[in-house]
Amino acid sequence: MKTARAEGFLGMYRGAAVNLTLVTPEKAIKLAANDFFRQLLMEDGMQRNLKMEMLAGCGAGMCQVVVTCPMEMLKIQLQDAGRLAAPHQSSTSAPSSSRSYTTGSASTHKRPSATLIAWELLRTQGLAGLYKGLGATLLRDIPFSIIYFPMFANLNNLGVHELTGKASFAHSFMSGCIAGSLAAVAVTPLDVLKTRIQTLKKGLGEDVYSGIIDCARKLWIQEGPSAFMKGAGCRALVIAPLFGIAQGIYFIGIGEHILKYFE
């Protein structure tokens, strides 16, 4: 409600362009890498072997960060810009009693773009600037994939038809939703740490973190253990349909049908 009131309805879609551009290669790498490692570790890739499925998920999580880290880096700056710009916009009106929108400075009121942020990071910090928080991203995405892929594979296998050898779209969709939401909630503490570390613009009174351990320590001391689960519900609501749709389409073979037209 605060975001919509301060920035309008479109403020809810900050960072959408970055998602639209990079989420496709990110999911392509994630799904393809998992299948590759499954084939490599489990012969035909169809055997049920939990340890190998988890190892394949680990490989997929490691591969995807090539795209995920810069995507998250840019998305977080764009989504956070409104929070920091709010004090400037409201400086001519009466002070607000809400402390959620009382940080930042007048210098942050200009709305940035992903291109400008990327260029500034590359100019000042080089390629490492886009990969700030790489360790935290790996720490989130590897456990997520270790939980998600084996859970999805086993849930999806329950709905496989004997004749077609595939589950229906509805079953794959629900399997992706369930596995995605549970995995998302499980790694929420790691996502909170990653987001705090990758947030470049700090408001008044906000901490600067030297690393993952420093971030976790300060978060625990200043906000308590409940802070590590902030946004868990939102993550589940986002990740569930995202992976449900992605896995459903992936498993019914739409990609294979499209590729046939180019052969």
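Note that Cβ sites are derived from N, Cα and C of the backbone, with glycine treated the same way.
Just so you know, TrEMBL annotations never went through curation; they're auto-generated.
The repeat 'Solcar' annotation in TrEMBL covers 1-40 (among others).
The repeat 'Solcar' feature in TrEMBL is assigned to 48-158 (among others).
The annotation region 'Disordered' is assigned in TrEMBL to 87-108.
The compositional bias 'Low complexity' annotation in TrEMBL covers 90-107.
Residues or ranges marked as repeat 'Solcar' by TrEMBL: 167-256 (among others).
Per DSSP, the repeat 'Solcar' (1-40) is made up of 36 helix, 0 strand, 4 coil. With DSSP states grouped into helix (H, G, I), strand (E, B) and coil, the repeat 'Solcar' (167-256) comes out at 70 helix, 1 strand, 19 coil.
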